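What Swiss-Prot records for this protein:
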ACT_SITE  CYS488  active site, proton donor
BINDING   PRO401, LEU402, THR403, GLN455, LYS528, HIS558, ASN609, GLY610, ASP611, ALA633, ARG634  FMN binding site
COMPBIAS  188-203  compositional bias 'Low complexity'
REGION    17-93  region 'Disordered'
REGION    183-203  region 'Disordered'
ZN_FING   97-126  zinc finger
ZN_FING   216-241  zinc finger
Amino acid sequence: MSVYKPGIAPIKAQFLRTAWPARSEALDGSTETGADSEPTAFVPDDEPDGKPEQENPTDAAAPTTSSGANRAQDGEQDKPRKRARGQNKGRTFTRTEDNIALCTQIATGRDACKFGDSCKFTHDLCTYLEQKPRDIETPPHPVSSHECVRFVPADERDVYLATLYEHAVMQDTKRIKKNTDVTADAHPASGSTTPSAPTAPTTHDTVQASVVLGTTCPYFQERGTCPMGWKCRFLGAHVRRLSASCRVLGAEAQGMLGTGLELVEDEAKKHAWLHRSPYMRNEAQPESDQVNWLASDVARRLRSRKYTFDKAPAITSALRKEVDMLSAMTPAEAASTEVGKGPLRVNYEHERLVADPSATLEACEDALRNGGNDDAAADTARVRPCEKRRLQWKGDLYLAPLTTTGNLPFRRLCASFGSDIHCGEMGMAESFLQGHASEWSLVRRWEGERIFGTQVCGAKPELLVPTAEVLAREVGRGLDFVDVNCGCPIDLVYNKGAGSALLDHANKLGRIVRGMSEALGEIPLTIKLRTGTTSKPTTHKIFARAQTEWGVGGLSLHGRSRKQRYKNDADWAYIRTCVDTLHDAVRTWNEEPQHADEPDMVPVPVYGNGDVYGWRDYYDHLEHAHVDGTMIARGALIKPWIFTEIKERRDWDISSRERLDMIRQYASYGLTHWGSDTQGVNTTRRFLCEMLSFTHRYVPLGLLDHIPVRMNDRPPPFHGRDPLESLLSSPSAHDWVRISDMFLGPAPPDWHFTPKHRSNAYEQQG
């Protein structure tokens, strides 16, 4: 047994390598000859590079890797090279689309387009299919839901995993052969297949050459129909061949627009899909498995600044009046006054009349005299604190909001492993109010997410209060809570006064919380915090006021400061101090005589966050830090099955084939979320590579000298127990794209992926 060195994972000697290999090993056991990666020596970093994407909110930059061919000529091919350090900031990603833009109405199966000849897109379906890349080949899943394979009976699971692995080997072999065969066509009409593999029609028909009959479309297998229609990259799963195309038979060709093919649907699957019973159903679009869609007319009014806010102007006006009142007081008076504490009381009718130039003085006085109790509109009726939904979180597993990587397919993947509470990716308040489609897509909820909220980030009440109102009004039915980000450490956010900058401005944070809570109505508001902005922790002062003065519905605390980032271990002792501070504040509030006639206040749930990498960490923090639960971030990124380990209290030595099926599972979820057309496939590929940039850091338990292992322990170069395990552990982005090829087909020649960390660089070779 090796001696443990802090910061280095204790891998058994028989699995160690001197450097990461220059040529990746193929899944059939041979050495790949088409890779352009180089050997990399193990160089421990001072700071572990397991940072969530919140470190870098923009996704933009060009790849900067160079081919190893020139280095090989100079005799440098086999020399280990020190890994590049730092991040690729400002990354950019290419938008890959079809060479020919097919009309959407034609693509979905209509014989004609309502725009006729004036349509900007092509209606020539035969020409489109001739230029379309070959269908992607995938084996069928044992069940139609594409859920985690561990729910499949053992005998079926073993057969399926073997089939999946054979498919991966076949696709990998094809890719290597293509990379080494310089005379190969870019999109061959047919390729090498196993006896059980899907096959293209045995014809020289150029229209039908790209169709692979028998492949599996994730949409069609689950729902009995595919909304992508003819644009689907798995077209062979939902077409029927009637005859040859017009290129062979001319006018005698059958099928749609002379293709010799027709789209098909599975009525039994369609019926089963429409009669499913999810946690949250989209009543307006029962065929969709997602809720919280923003209506197009609402987005248009937001973009043109014509959206009417009923609550926000009155709330922000009331908050400004409180600021004026407090500024006129002495420090002693401000400390003892009730101004700025407790639920915000807003006279909406009076504020509306004051802002209306045509309102009479008598009407304003009547509204002021009535105290706003005679509300004419139901959506401005005040919700009392006791009417707010209380968060009953105790021991539920909370997947942290993760920018870029915490997308809907990843949350769905974690849900299949047992996560309970999900929070969407951080969205900026300004972008919500401007109606940006990319920002509003972050509030999208999969129908199977049991508890779901969205996270917003902003610097002042004038932005966050209107955001809270529009969220509550437009998608409030699909939100269980709204979270305010008070922990984002990146300079772009911090310098605007948002994120962790709010930790140094508690009074402003209090106004934000009270204003948003009023605008949200019955929806609870939570806040996500860090220990402070510098090495001196200050957040316990916020915990003393968060519930008793501001009425927050829940808190989560990351046990690191903004300055620390991920350089040191999370401070769970300080998390306990903050929890105890909140409990003491609630106890004191209940004992004060002025609150004797009010119901006793019950402490809201508090979740800790930081360095939870196994079930032992989870239960240890639950017991000693006095938290109601633990929020899991990097632990879920590196091994999404951590939720299963926690619930079953076991160390799961997951096999390489089970991990491969998890990747297949994510790809299926991505295709049903972003689409199975060319653009959707490559969007899925990009985010799959983002996920693999974290999951490759997992060190299989069977390779370790002892467990548990610490999250910040980085592994030296090692090989797995089989070629697939070695491939899944590769730190090279080249291999991540290679893995994506198994389920999403070969990456287009112009497609590239720039990893967040420079040490993982990859560039597609055309």
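Every residue, even glycine, has its Cβ placed from backbone N, Cα and C.
Other Cβ atoms within 10 Å of the Cβ of PRO401 (FMN binding site), summed over all protein chains shown, number 27.
A separation of roughly 15 Å, to the nearest angstrom, links the Cα atoms of ARG634 (FMN binding site) and CYS488 (active site, proton donor). Separation of the C-alpha atoms of LYS528 (FMN binding site) and the residue listed as 'active site, proton donor': 9 Å, rounded to the nearest whole number. In this structure the alpha carbons, written CA, of PRO401 (FMN binding site) and the residue listed as 'active site, proton donor' are 11 Å apart.
Between the CA atoms of CYS488 (active site, proton donor) and ASP611 (FMN binding site) there is a gap of 17 Å, rounded to the nearest whole number. Residues PRO401, LEU402, THR403, GLN455, LYS528, HIS558, ASN609, GLY610, ASP611, ALA633, ARG634 are the ones the record ties to FMN, and the longest Cα gap between any two of them is 21 Å. Of all Cβ atoms in the protein chains displayed, 22 besides its own lie within 10 Å of the Cβ of THR403 (FMN binding site). Cβ contacts within 10 Å of LYS528 (FMN binding site), excluding its own Cβ and spanning all protein chains shown: 26. Across the zinc finger (216-241), the model assigns an average pLDDT of 94.
Neighbour density for ASP611 (FMN binding site): within 10 A of its CB lie 22 other CB atoms from the protein chains shown.
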